[in-house]
Amino acid sequence: MSLFDKRLSEIHSALRAKEISVTDLVQASIASIKEHDGEIKSVLHVDEEGALAHARQLDERLVKGNEELGLLYGLPAGLKDNLVTKDIRTTCASKFLANYDPVHDGTVSKKVKDADSVIVAKLNMDEFAMGGSNENSGFFPAKNPWNTDYVPGGSSGGSAAAMAARHFYYTLGSDTGGSIRQPAAFCGVVGLKPTYGRVSRFGLVAFASSLDQIGPVTKNVEDSAYVLQAIAGHDEYDSTSANVDVPNYLSALTGDVKGLRIGVPKELIGEGIDPEVRDAVLAALKQLESMGATWSEVSMPHTEYAVPAYYLLSSSEASSNLARFDGVRYGVRADNAANLIELYKESRSQGFGQEVKRRIMLGTYALSSGYYDAYYKKAQQVRTLIIQDFNSIFADYDVILHPTTPSTAFKVGENVDDPVKMYLEDICTVPVNLAGLPAISVPCGFSKNGLPIGLQIVGRAFDESTVLRVAHAYEQTAGFYGRKPEWVRG
């Protein structure tokens, strides 16, 4: 077994016993990127010098033995490139920010450092987190490690692909409409979206502020619990951060689901779901049933409106958030502008990619005078109805379970010229963001052509513990834990 296949708890034991060093781990991470990332292109920037220097400092602390070690001690990590990191380039995979080096850490970046993790690299993504395939990266698209003819998903495609390739012990992504869970499903890894407000967004470059949430991508559920433990909690720098207690997530991993009540929305298990995906999810339900859980079919009647409501709301918020990228304060600055208005126009035209421009235009239109009530206001009303759908189910059930995605990963270029088709791939994930709930994607099978299938488990607000408990119990008995592409080391 490769070092990078071991659980975080096993690695900590090896580090404390001085069987390996943090420097060994970081060097192995960097070597993996150099040797294998040329084809999957999950990594944008490697901070080799800074990561090795940090590793040596951590090794020295262990030798001295007079300091308590952090929860993520010594673990090499990769962060999605929209998480601000001091002195490590942060571009959001956009040419607009191609040379942007932040002068401070975001809260989550600081928390993983405070937990003694080593940030090795920043990871590929769809530009400004807008996309579901990583084909919208302003630099180059990432590929799926299971088959590079296929997309890794998005927008956190680099985070999921890098995890499947075992470049790191964990990665971090952001999830606005499924951007952690969908690529996790496509790449056969675990992706957790916490409750909105559970993890600080300070230092996350905003796409849609009422939807964005940071979360971990890992190779197993236990590791996700470790990482969430380190990054969760109230933050005075984020006004939307929830001031609620953070439980011990590791204590929730009991393996017990006896008496658990599972609701399965008929709208997300029937028509429009690939038969192979449906069969894998039904097999997962049968597995949980054999462990003492019960399940029933339920209804989320407003699901069909979730995708249009999501794209109206997220694009409206994006058009506001991205107004700050104007060529004046930072980023691309056009050279050929005759006046200030021309500077704004030319800088944004040169710096933003096609999908970002499309969503800015859609959002600006939805917010414009005469259309606000017809589009934005109506989308907010649909959001309320979707929240009510979830509340109705959770009155009788502990979790909701359904596919993470309607199909397995699609081929590179397959949907690139059809944005509506691309948007509809989000049907299983966007309702969770609209309601602000926690959800996890765990591997539950493979298609006939060898591509991973993801199972999504949704919980009540701030009940990540139950979500993790169910996911962990299933993972331990399902037989898919530890599977990785054949070429990956170990």
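Just so you know, glycine gets a Cβ as well, placed from its N, Cα and C.
Under DSSP, Lys80 (active site, charge relay system) is assigned to a strand (E or B) in the three-state scheme. Other Cβ atoms within 10 Å of the Cβ of Lys80 (active site, charge relay system), summed over all protein chains shown, number 30. The feature active site, charge relay system is assigned by Swiss-Prot to Lys80 (among others), with sequence analysis given as support.
According to Swiss-Prot, the active site, charge relay system annotation covers Ser155 (among others). For Ser155 (active site, charge relay system), the count of additional Cβ atoms within 10 Å of its Cβ stands at 35 [all protein chains shown].
Remark: Ser179 (active site, acyl-ester intermediate) has Asp126, Ala129, Gly132, Gly154, Ser155, Ser156, Gly173 as non-local neighbours, by Cβ distance under 8 Å and separation of at least 6 in sequence. DSSP assigns Ser179 (active site, acyl-ester intermediate) to coil, not to a helix or a strand. What Swiss-Prot records for Ser179 is active site, acyl-ester intermediate, and it gives sequence analysis as the kind of evidence.
Under DSSP, Ser155 (active site, charge relay system) is assigned to coil, being neither helix nor strand in the three-state scheme.
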